[in-house]
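Colleague: Structure incoming, see below.
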Amino acid sequence: MEFLDLGPFSRASGTIRLPGSKSISNRVLLLAALAEGETTITNLLDSDDTRVMLDALEKLGVRLKRDGDTCVVTGTRGAFTARTADLFLGNAGTAVRPLTAALAVNGGDYRIHGVPRMHERPIGDLVDGLRQLGAKIDYEENEGYPPLRIRPGQINADAPITVRGDVSSQFLTSLLMTLPLVRTGSGVSTVQVDGELISKPYIEITLKLMERFGIKVERHGWHQFVVPAGQRYQSPGSIMVEGDASSASYFLAAGALGGGPLKVEGVGRASIQGDVGFADALIRMGANLQMGDDWIEVRGVGHDSGKLEPIDMDCNLIPDAAMTIAVAALFADGATTLRNIASWRVKETDRLAAMATELRKVGAKVKEGEDFIIIEPPEKLIPNAAIDTYDDHRMAMCFSLVSLGGVPVRINDPKCVGKTFPDYFERFIALAQP
């Protein structure tokens, strides 16, 4: 197995410009493909997950012109021209879920599959919602999981659709993005959310991007979403993808742990991503942090001890960036508790179990619950821990921060960061100093 040895480092400073957001990149690609007109997308993320989406769109007949981080998409006016396709989508949830929904109403014969882990990630609640529209979707192997076979159905949105909100917000995102493509005799298409909706900021991203493409969605609290009929996706002409706020979290934490000043460009107060809320968590932990509209700068910790303060936090709104808090908790002056993170279990790996296992390798005492984790930092970090990454980009990036504790750390399978940030380690090493 490939590995990368990092550190020991004691400082981190400099400036980094973030790659584009994965969540925004794949949403914008699909919306541009479904729109009327040509869309120029800039600062598009180049990663495994976006390549999977681009390849799928090309197979579906979408015309794309790529040049570096710019992509020009010629829209299909709401209907893909390819009526049959076999789509391998890797482990990209941001491609599998929305494409499943869009293809379910497209009137063709499609197969959607991915890596073995993708076939363990639930999709049943989305399929149930799409079947309420008349979609014909079959499971090829296990009920509730990919691979999927999609066939033409009698599609309409006359009756409200109900979808669970407590497993993944991507199910609701996928339905909302698809409803403008579906005819309705009632004048509106309605989605009812059953139970507590998790990861609400990701729904905010979806609604704001749909609006950029000409679709207004009426939100009634977090339990009902109404799409008035007669709307069609229209290209905004051009759209820039803001920096990835989840990826920002590693560098912001590095600025706190390594003294800074470390400036992250590409996200800030004007961001539409919920994970920018990680900055508030860092401030609660004692970091010296300043923020502009599209930048954030961290200058170490405001305590004489140089240690972060432990926190007890509900992480429902920042599930991905919360992983960074878990590793930063190794540098806190007491036990940190992260709550409401059940969604970790259905991500690229079971992140709760993986996080607990790897934190223990560097000396932490960890209590892992169904939807929480408690991290008690060690007196001294254990050097030369070999961190397993579970083919999960965020596990690899999070644990790079251990090297800022003055100990070397080994990251196994470092290339898994290709999912969202292929040159992450080069960028991290450029900012870290012994």
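In case you wondered, yes, glycine gets a Cβ from its N, Cα and C as well.
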Colleague: Looking at the phosphoenolpyruvate binding annotation from Swiss-Prot, with Lys22, Arg121, Gln170, Arg351, Arg394, Lys419 already listed, which candidate in Gly61, Gly78, Gly93 is the matching residue?
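Modeller: Answer per Swiss-Prot: Gly93.
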Colleague: Given a separation of at least six residues and a C-beta threshold under 8 Å, show me what packs close to Gln170 (phosphoenolpyruvate binding site) in the same chain.
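Modeller: The list for Gln170 (phosphoenolpyruvate binding site) reads Gly93, Thr94, Arg97, Pro98, Leu126, Tyr202, given in order along the sequence.
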Colleague: For the binding-site residues Lys22, Lys347, Arg394, Lys419, which Cβ has the most other Cβ atoms within 10 Å, all shown protein chains included?
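Modeller: Result of the Cβ crowding comparison: Arg394.
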Colleague: With every protein chain in view, how many other Cβ atoms are within 10 Å of the Cβ of Asp320 (active site, proton acceptor)?
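Modeller: There are 27 of them.
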Colleague: Once near-sequence residues are set aside, which residues in the chain of Arg27 (3-phosphoshikimate binding site), 6 or more away, have Cβ atoms under 8 Å from its Cβ?
Modeller: Thr94, Pro98, Thr173, Met177, Ile205, Thr206, Leu209
Colleague: If you measure every Cα to Cα pair among Lys22, Ser23, Arg27, Ser168, Ser169, Gln170, Ser199, Asp320, Lys347, the residues listed for 3-phosphoshikimate, what is the largest value in Å?
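Modeller: About 18 Å separates the two most distant Cα atoms.
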Colleague: Can you tell me how far the Cα of Lys22 (phosphoenolpyruvate binding site) sits from the Cα of Asp320 (active site, proton acceptor), in Å?
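Modeller: Per the Cα atoms, Lys22 (phosphoenolpyruvate binding site) and Asp320 (active site, proton acceptor) stand 12 Å apart.
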